[in-house]
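In what follows, a structure is listed as structure tokens, so that the remarks can point back to it.
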Amino acid sequence: MSIALAFDARPLQDFCDPERVTANDFILSGFDVAGNTSNSYGVAVTSASATTLPGLNSLGLSFLRVDLAPNGFFPPHYHPRATELVVVLKGALEIGFITSNPTYNYFTKVVRKGDVFVVPVGLVHTVRNLARRDTVAMVAFNSQNPGVTNIPNAILAAEPAVNSVYLSKAFRMDVETVKHLQNIF
């Protein structure tokens, strides 16, 4: 006896709901406009996803414009459902990712105008602006919904809070430091 399983990753139709879409579902303006980076991270993200660009629905992609002020950064994070491709249009970013257990190798590069960097699916990665001016990048994901988990927030701002004694043991620091960190998040 044998069992065969098959999967076709290609769409079964041109796009989602072809009877209801219009040409306006396939265009999104504003990617030429810098975002507001006056926040604690110094970043702005403009998104093209199935939510903002309905023509992407069921096509397995999403796209971002990312603006980073000088010293702007994204905290360590990961995307559980997508590989990330970053193209720097202006400035310079330090981008790195950390491999999984048991090696935890950190692969990092300075990515400059015209360079492309890839972050494999599900790996924790870091992004920071090294330029003395604003940096602009375009980011593509091979998923309609890549998801994002910001590591510091996931651990320190969880509701209800993760047990501080547990975290102090996991991070090898005193409980008061953990509680302080939980309070500022």
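One-based numbering along the chain as shown.
Cβ coordinates are placed from backbone N, Cα and C, and glycine is handled just like the others.
These come from TrEMBL:
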DOMAIN    29-179  domain 'Cupin type-1'
BINDING   H77, H79, E84, H125  Mn(2+) binding site
BINDING   H79, E84  oxalate binding site
- Neighbour count check, CB within 10 A, over binding-site residues H77, H79, H125; minimum at H77
- Cβ-based neighbourhood (8 Å from the centroid) of the Mn(2+) site, residues H77, H79, E84, H125 excluded: Y78, F97, V119, L123, V124, P146, V148
- Enumerate same-chain residues with a sequence separation of six or more from E84 (Mn(2+) binding site) and a Cβ-Cβ distance below 8 A; give 'none' if the list is empty. V118, V119, H125, V139, A140, F141, P146
